[in-house]
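Visitor: Relevant sequence annotations retrieved from TrEMBL are reproduced here:
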DOMAIN    2-160  domain 'Aspartate/ornithine carbamoyltransferase carbamoyl-P binding'
BINDING   S47, L48, R49, T50, W75, R110, H147, P148, L149, Q150, C269, L270, R297  carbamoyl phosphate binding site
BINDING   E142, H176, K236, R273  N(2)-succinyl-L-ornithine binding site
DOMAIN    184-307  domain 'Aspartate/ornithine carbamoyltransferase Asp/Orn-binding'
Amino acid sequence: MKQFLDLEDIPNINTIISDAISLKKEPFSFEYLGKNKTIGLLFFNSSLRTRMSTQKAAQNLGMNTMIMNLNADVWGLEFEDGTVMNAGTAEHIKEAAAVISQYVDIIALRAFPSLTDKEKDLEETVIKSFQKYASVPVVNMESATAHPLQALADAVTIAEFQQKKKPKVVLSWAPHPRALPHAVPNSFAKMMQLIEVDFVITHPEGYELNPEITKNTPIIYNQDEALKDADFVYVKNWSSFKNYGQIDCTDQNWMMTLEKLGNAKFMHCLPVRRNVVVTDEVLNSSQSIVIEQANNRTWSAQVVLKHILENL
Ligand code: CP
């Protein structure tokens, strides 16, 4: 693996899932790989899990880590070519990415979408610019449209908890007071298409994700019907894709409850708003596997970094 911008960069999904589970059992077995290597963890946006788990993963592999909050700590970055930079931005990505590449061996980047400029968000301008002008591999720690490290952790979690060969997995939309990106549900949907599960999506009408991502995944607008006989229920809010970045539905009836969950395991990428997205009762129950899911963020990051280090 020479970069990790999206799930397409993974050569074999089933192999990487089992490699992640092996690393979880022996976290320090490849400590030599990262000796004298440095990863730069660059964040335009807040993070708890991604920041700590990716740092831990890098350290388990023997790497040094440098962390930067790009919005707060560095010069305002310009991404447009040919701009007269006489306003808010002070440094062009061409220089910034080239300079950072001299200090680190891998760049890991978090850059959320604007949710106002659909075209630019879909083009993945920020992470693609880093990739274009950096001379080291780039790892996606959640971009405008994708959160592949999360999806890999989700697949590892399903592999660990599944009790049948082909479990039923439901991605269920939930209400939220803020407009949230599509990266997590996009990557989860893509991942579910790659592993052996019976996958359906449920959301209010008008909340369809990008059809280029959902492809022929069944979409069921009736949540109760979609949840029937589910083994795993992945709950997530996203803002409208059609009416880009808008909140068109706040219906609390979409909140996940223990009654709706049935016997399924409850999954969520976190952070989660209690009693808005899901009830306390669900999160406090033994059916919730969100803590185990968050733990798997370390092993998904570690397996990706291991493959990249092996190709440096
Ligand atoms: N799930 C996830 O990416 O969490 P953070 O935003 O806290 O990193």
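Keep in mind that glycine also has a Cβ here, set from the backbone N, Cα and C atoms.
TrEMBL labels come from automatic prediction, so no person has curated them.
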Visitor: Given S47, R49, L149, H176, C269, R273 as the binding-site residues, which ones have a Cβ positioned under 6 Å from some atom of ligand 1?
Guide: S47, R49, C269
Visitor: Measure the Cβ-based neighbour count of L149 (carbamoyl phosphate binding site), defined as the other Cβ atoms within 10 Å of its Cβ.
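Guide: 29, counting other Cβ atoms within 10 Å of L149 (carbamoyl phosphate binding site).
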Visitor: Out of E142, H176, K236, R273, the binding-site residues in the record, which is closest to R297 (carbamoyl phosphate binding site) when you go by Cα distance?
Guide: E142
Visitor: Which of the binding-site residues listed here (W75, L149, C269) have a Cα atom within 10 Å of the Cα of E142 (N(2)-succinyl-L-ornithine binding site)?
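Guide: Final answer, ordered: L149.
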Visitor: Should R49 (carbamoyl phosphate binding site) be counted as helix, strand, or coil on the basis of DSSP?
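Guide: R49 (carbamoyl phosphate binding site) sits in a helix per DSSP.
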Visitor: Do you know which of the binding-site residues H147, H176, K236 has the most other C-beta atoms within 10 angstroms of its C-beta?
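Guide: The most densely surrounded of these binding-site residues is H147.
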Visitor: List which of the binding-site residues S47, R49, L149, C269 have their Cα within 10 Å of the Cα of K236 (N(2)-succinyl-L-ornithine binding site), in sequence order.
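Guide: Cα within 10 Å of K236 (N(2)-succinyl-L-ornithine binding site): C269.
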Visitor: If you average the pLDDT over the domain 'Aspartate/ornithine carbamoyltransferase carbamoyl-P binding' (2-160), what number do you get?
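Guide: Here the predicted model's pLDDT, averaged over the domain 'Aspartate/ornithine carbamoyltransferase carbamoyl-P binding' (2-160), is 97.
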Visitor: Between the Cα atoms of W75 (carbamoyl phosphate binding site) and R273 (N(2)-succinyl-L-ornithine binding site), find the distance and write it as a whole number of Å.
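Guide: That comes out at 33 Å between the alpha carbons.
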